[in-house]
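Okay, structure first, notes after.
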Amino acid sequence: MTNEALTKIMDTSDEWISSRTGIRQRHISVDENTSDLATKVGQQLLAKSGLQAEELDFIIVATISPDSNMPSTANIVQANLGAINAFSFDLTAACSGFVYSLAVADKLIASGAYKNGIVIGADVMSKIVDWTDRSTSVLFGDGAGGVLLQALSETPSIIAESLKADGKRGVCLTSNRTQPSSPFSTHNLSDELYLKMDGRAVFDFAVRDVPKNILETLEKSDTPLEAVDYFLLHQANTRILDKMARKLKTDRSKFLANMQEYGNTTAASIPILLSEAVASGSIKLDGSQKIVLTGFGGGLTWGTLVVKI
Ligand code: ACO
């Protein structure tokens, strides 16, 4: 759905959206739910890897737009794939969900207890944004992406990580807030199901806290900034990426971007970007490149992984 198409349903313009965010279009699911998108990713990963569904040990789905709280989206994907030997669970960390999940999956594999696992970031944001609020609904899109992890060698792929959270600032980005409403409740508070955002506060958080986190993680991994081949950051806004590149004094072209085509797909943004970078040959998957993966968003949550892939 292009920015122009949105002008038919709300008072907005391509100029406003693209100049502030870089977003030109987004994909909106008509009828598919989060588990449908995530299942397709799982099927593609199995086909590419040649693994059978029964060989999977675990499935993690990072999402803030699950089909339901119970069963989890990951449980639905497990059934759809026929991954009868896998345990599965959702992980809620908004736009940091993929990075958090990858860090968790890495530990599961590194423990020696599990050999093969899938990590998927999937969000159907179009069902949780308030379509009467033009300041948030234009920013988001629906999507899913993922990776398959295998225990193949003793050499770690994640060479440093730093995951962060600050629940005290959580109120600047919220969704699906529900109140106790039993016959015994003493208050009359209403639920706030749709996404709400203080855009300025989120922007400031992203450009203040996230570059520090990237530098700290690079330092842990003994990787100088110049040695990073690509920075794959959560795709919220091109202005955030521009500022990030300036703050890190790094060539802007190393910050890959595709939010112009997909909008902000929350937990799906980094794996979609990664998948496209692999398809285009920018990322080779031959162990020769150092890549920074950084998520940031609701919670507040943020985190960086330095990976050698
Ligand atoms: N179309 C046209 N006008 C709009 C729209 C729209 N879709 N939305 C808001 N406006 C109007 C507002 O009503 C306001 O009008 P007014 O001045 O007459 O009151 C005006 O545009 C300015 O609005 P601001 O919110 O001040 O615009 P700002 O320059 O701050 O940009 C934005 C807003 C793009 C959301 C910015 O704050 C931002 O990039 N924040 C980062 C947050 C983000 O990317 N969040 C994504 C989710 S979180 C995450 O992924 C980390």
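Keep in mind that glycine also has a Cβ here, set from the backbone N, Cα and C atoms.
If you check TrEMBL, you get these features:
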- 89-167: domain 'Beta-ketoacyl-[acyl-carrier-protein] synthase III N-terminal' (DOMAIN)
- CYS95: active site (ACT_SITE)
- 218-309: domain 'Beta-ketoacyl-[acyl-carrier-protein] synthase III C-terminal' (DOMAIN)
- HIS234: active site (ACT_SITE)
- 235-239: region 'ACP-binding' (REGION)
- ASN264: active site (ACT_SITE)
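In the domain 'Beta-ketoacyl-[acyl-carrier-protein] synthase III C-terminal' (218-309), the DSSP tally of helix, strand and coil residues is 38 helix, 22 strand, 32 coil. Over the domain 'Beta-ketoacyl-[acyl-carrier-protein] synthase III C-terminal' (218-309), the average per-residue pLDDT in this prediction is 96. According to DSSP, the secondary structure content of the domain 'Beta-ketoacyl-[acyl-carrier-protein] synthase III N-terminal' (89-167) in residues is 25 helix, 30 strand, 24 coil.
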